[in-house]
Every structure is written in structure tokens, then in C-alpha cells.
């Protein structure tokens with residue numbers, strides 16, 4: 001291994017130490033005991049569920065590559081612990097710009113963890129191709145970009161803070177992946193094994209179990225409605241995943257890649273409107289459609305979309321999170337229009353309502369793509385010592 005790369009790895013350790021020292025100094029200068037108090041009833045148990053999702057769920061979910069399992073779970077934990085502190089720092093600065101009131105430390109932690117979902121989804125698109133320094137820089141830049149996108153949606157369009165987290169993470173990650181060289185078609189390390197599929201499915205089960213808490217952790221009203229709607233959507237999407245997996249394979253057997261991707265589609269789809277859906281059958285239909293669009297998208301996108309655009313999406317985040325998020329955003333707009341129409345019987349505000357939410361949807365995707373392309377271009381400069389294509393998807397560069 002070249003000595004320059006060994007020195008580079010040691011520099012990463014010093015960078016992590018410097019960042020952590022800055023976070024500690026910042027908290028020493030800004031923390032007060034009153035920061036731990038905030039209005040509301042968000043309990044530690046619900047936050048603990050979301051924390052389990054991030055660490056156990058996504059940590060195992062990313063372990064799909066046969067020779068990249070140490071890096072998948074290890075780097076996931078590193079990005080979470082660094083990213084949460086950085087995201088909390090960004091949350092502290094928002095009141096200074098009069099964007100939102102100071103909500104207290106204990107409420108900023110769940111928001112920071114949920115914001116990290118965008119980063120973990122983006123990591124899935126470049127899994128095995130980015131070194132630790134590139135991942136750390138991508139995490140910091142993406143959290144700034146996501147925070148800016150949230151502020152635009154919240155201040156200009158009055159759209160909920162974290163509504164588009166899956167959408168932003170998917171298209172930011174795809175834009176970054178576009179800037180990385182494609183792996184060789186016959187690269188043996190770019191595949192899974194039964195053992196790695198089992199670990200990834202274990203992470204998927206963790207995510208499935210705790211997803212209702214993810215969709216309800218920040219809600220003050222209608223929390224149980226959000227929990228029930230999310231569970232119904234997840235249940236239907238899981239059943240649909242098994243059905244379609246057997247129907248779309250030649251021998252009628254279940255395919256683990258289908259199950260791993262599609263069982264979560266219901267939770268992503270209803271995340272936009274979980275607290276506003278008043279009839280469970282609506283959530284169940286959304287779960288069914290989310291699972292259908294995921295499995296059909298896995299066939300169409302990998303064959304028709306990715307090769308012409310030269311995008312190598314390692315984990316398939318586009319059809320796992322992106323397409324269900326698009327479906328959820330469209331369904332949310334339709335449900336809002338129906339609710340407004342039946343409530344007032346007039347279409348006076350419908351045009352404005354549709355325009356605002358479509359604008360927020362387009363702004364999120366556009367901002368994610370632009371900032372993702374810029375980030376990917378920066379990460380592939382000589383400064384970050386990008387790894388050669390022959391060393392993709394291999395733990396040996398980083399672990400004993």
C-alpha cells in the first residue's frame with residue numbers, strides 16, 4: 001500500500017480529534033442548564049427507538065457487500081456521532097437568524113438524529129467507493145444543505161421542517177455518486193453473499209419495527225394516529241413485497257433484495273402525512289403502492305435509468321427511499337387538496353396550497369441535486385485522495 005495513503009489515514013484520525021475538540025469547546029461556551037428544558041411530551045423511549053434505527057437498523061442494513069461489512073457498520077456509527085453534534089450546532093444557529101424559536105437541547109437531539117437519515121441514505125448510494133474523509137466532508141456539507149433546504153421550505157412556503165428528509169438524502173446521494181468513477185462490471189466484490197444478505201435483512205427488521213416511532217417522534221398532536229397509520233402501511237408493504245417478489249422471479253422464489261427494499265416503502269410513503277390520515281385504509285393503500293413502485297422501480301431503474309446516466313447506486317437508494325418518497329409527497333398534496341375541498345367546499349385556496357407544496361417538493365429535489373453535484377465534484381479532487389476503482393468495496397484499506 002502506498003505510504004501516502006497510510007499518512008492520509010493518520011490525518012483522518014487527527015481531523016476527527018480536531019472536530020470533536022471543537023464540539024466540546026462550543027458546548028462549554030454555550031450550554032446552560034435551562035437548555036435541557038423544552039415544552040412538549042417527547043419521551044426518551046420514543047427517541048431511543050429512533051436512535052436504535054440509526055445505529056442498529058441502518059448499521060446492519062448497509063452490510064450488504066461481501067467484503068465491506070466492517071466499514072458499513074463502523075463508518076455508519078462514526079458519521080452518526082459526528083453528524084448529530086454538527087446538526088445540533090446548526091440547530092443552535094437557526095434562532096440567531098430568526099428562522100425558528102429556541103426549542104431546547106432535548107428537542108434538538110431528535111431533530112438532529114432525524115436529519116442524519118438524509119446522510120445515511122446518501123451514504124448508501126456511494127457505499128464502498130468513498131473513503132472516511134470523503135464521507136465526513138459529505139456528512140457536514142449535506143447537513144448544511146439540508147438545513148438550508150428546510151429553512152427555505154419553512155420560511156418561504158410554510159412546509160413542515162423534516163418532511164423531505166428521504167427525498168433530499170436520495171437525490172443528494174445520487175448526485176454525489178454520479179461524480180465517482182463507475183466500478184468495473186465484473187468486479188467480484190460488488191455483490192452480496194447469503195451471510196451479508198442476512199445481516200442486511202436483520203437491519204431491515206430493526207428499521208421496520210421502529211419506523212412508527214421515527215414518523216411520530218416530533219409530533220405533539222395525533223402521535224398515536226401517526227403510529228397506527230405507519231404500522232398499517234408497513235404491514236401492507238411487507239405483504240406486497242413478498243407477493244411481488246415471488247411473481248417477478250422466474251422460478252417463483254422470494255428474492256432477498258426485493259424484501260429488503262420494499263418492506264420499508266410503506267413507512268417512507270406515509271412519513272409525509274402519517275398524522276393527517278384519518279382512515280387507516282388510506283395508509284394501507286399507500287403502503288401497497290409504495291411497495292409496488294419499489295419492486296418495479298428496481299427492475300426499471302437498474303436497467304433503463306442508471307446505465308445511460310452512468311450512476312452506480314450501490315444500495316439502490318433510488319428505488320428503496322427515493323421513489324416511495326416521491327409517491328408520498330404526491331399523495332400528501334392530493335390528501336391536502338381533498339381535505340381542503342371537503343372542509344370549505346370552495347377552491348379559493350386550493351391553487352395556492354398545491355403551488356406551495358409542489359414548490360417545496362421541486363425545491364428539495366433541485367437543491368439536493370445541485371449541492372450533491374458540487375459536493376461530489378469537490379470530493380473527487382486530489383485533495384481527498386480518492387481510492388482507485390480496483391480498491392472499491394473492500395475493508396482491507398481501513399480495518400485489520
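Heads up, the Cβ atoms here are built off N, Cα and C, so glycines get one too.
Annotated range for transmembrane segment in TrEMBL, selecting from 226-245, 246-265: 226-245. Between the listed ranges 110-139, 350-379, TrEMBL ties the annotation transmembrane segment to 350-379. Counted over residue pairs 6 or more apart, the CB atoms of the transmembrane segment (350-379) and the transmembrane segment (159-178) come under 8 Å in at least three pairs, which marks the two as touching.
Sequence-distant neighbours of the transmembrane segment (226-245) (same chain, 6+ residues past either end, Cβ-Cβ under 8 Å): 208, 211-213, 215-216, 219, 254-255, 258-259, 261-267, 269-271, 274-275, 277, 280, 282-288, 290-292, 294-296.
Sequence-distant residue pairs (6 or more apart) of the transmembrane segment (198-219) and the transmembrane segment (319-338) include fewer than 3 whose Cβ atoms are under 8 Å, leaving the two stretches without contact. Outside the transmembrane segment (281-299), and at least 6 residues removed from its termini, the chain residues within Cβ reach (under 8 Å) are 228-230, 232-238, 240-241, 244-245, 248, 257-258, 261-263, 265-266, 268-270, 274, 316, 318-320, 323-324, 327-328, 331, 335.
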